[in-house]
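As C-alpha cells, the structure follows; a few thoughts come after it.
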Amino acid sequence: MPLELELCPGRWVGGQHPCFIIAEIGQNHQGDLDVAKRMIRMAKECGADCAKFQKSELEFKFNRKALERPYTSKHSWGKTYGEHKRHLEFSHDQYRELQRYAEEVGIFFTASGMDEMAVEFLHELNVPFFKVGSGDTNNFPYLEKTAKKGRPMVISSGMQSMDTMKQVYQIVKPLNPNFCFLQCTSAYPLQPEDVNLRVISEYQKLFPDIPIGYSGHETGIAISVAAVALGAKVLERHITLDKTWKGSDHSASLEPGELAELVRSVRLVERALGSPTKQLLPCEMACNEKLGKSVVAKVKIPEGTILTMDMLTVKVGEPKGYPPEDIFNLVGKKVLVTVEEDDTIMEELVDNHGKKIKS
C-alpha cells in the first residue's frame, strides 16, 4: 500500500483515503481578482478539496528577451509576453487576500511556485503544500531548495522521461519523504491516445512508498475518473467559468457543471472500488436465496448407499442444501436415510463423520 501523507492539515492522501481533488485555477482568472474569488467559491461548491493558482516572479522565471518578445496570439493580454504575463499575475497582497477568501469559503489554498522566488513567497504565505509544475520537475536545484522547505510536495511529470522521474525521486526522497508524483502529459487539450494512464501503474511499481496521482488536460471527465479507478490518490484538473474565454487553458478546463460531475463520479468510483475480499455479501442474500443452486438427487438413493457422481446433479432447490461447490466432497459418503429423486441433499441426510468410502 502506498505511503500515506498529510497533504493539508487533517487531510491525508494515499492508502484508503479519498482522492484529493485539486481545482487548478491557474491563470484562468483573466487577471481579475473578483473572477478569481468566484472560481474559488465554485471549486468549493463543486466539492473540490483545494483551489490552486500559479505564482511567478516574472524576472526570475523569464530572462529579459523572453519577456520582451512580441506576443501576437489571440490569447494575448499585451503586445509582449511580459505585458501578457504581468496582466495575469497577482501581487503578493492579492495572494494574501485570495488565501483569506479561500479560508472563509472553507477550501484549501495553494499555488505552483513557478520559480525559486515564488516558492519563497509561498513558503512565507504558509501554503499547506507545494505544487511543482511539469516545467520545473527536471529543475534539480529548484527541487532541492523546495524539498528542503519541509512542506509536502505534489510533483507533476509532464514532458519528463521515466529516467528523469527516477532521478527526481532520488533527489527529493532523502530531503523530504512527503511527496507524490502525478502522471501528466503537457498538451492542451490532451488527446486520449497521449494520456498514458498505464504510467500510473508503472509509477506504483517503481515508487511503492509514495502516493501516485494524475494531472489531466483532456476534455471531459471520463479519463480522470478512470485514473482514480487505477489508483490515483491526487487528481488535478484545470477549471474555468467559461471555456470560450481568452486564454489557452480554457478549452482544456472544466466548467462548474463538469467539475461537480467529476467530483460525484470520483466519489462514486471510490465507493465501487470497495474491498479486495471476495465473499457472499449481505446484499446478495436475497438473490442467492432465490437463484442459488444446491446439490439434489438425480435418482432415488436408498438408505446406506455410498454416493457417486451419477447419483447427483445441481438445481435451484427447495429447501437449500449443499452448495454446488461441495458436490465432489459428497462423493464417497453414505446417506443415512433414503433420498427421493429430485430431493435436495441436506446435511443431516449424509454421514459427515465417517471417512469417504471409495466406490
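Glycine is treated like the rest: Cβ placed from N, Cα and C.
Per Swiss-Prot, the residue annotated N6-acetyllysine among K79, K320 is K79. When Cβ atoms from all protein chains are considered, those within 10 Å of K61 (N6-acetyllysine) total 20, not counting its own. Looking only at Cα atoms, K79 (N6-acetyllysine) sits nearest to K61 among the modified residues K61, S275, K290.
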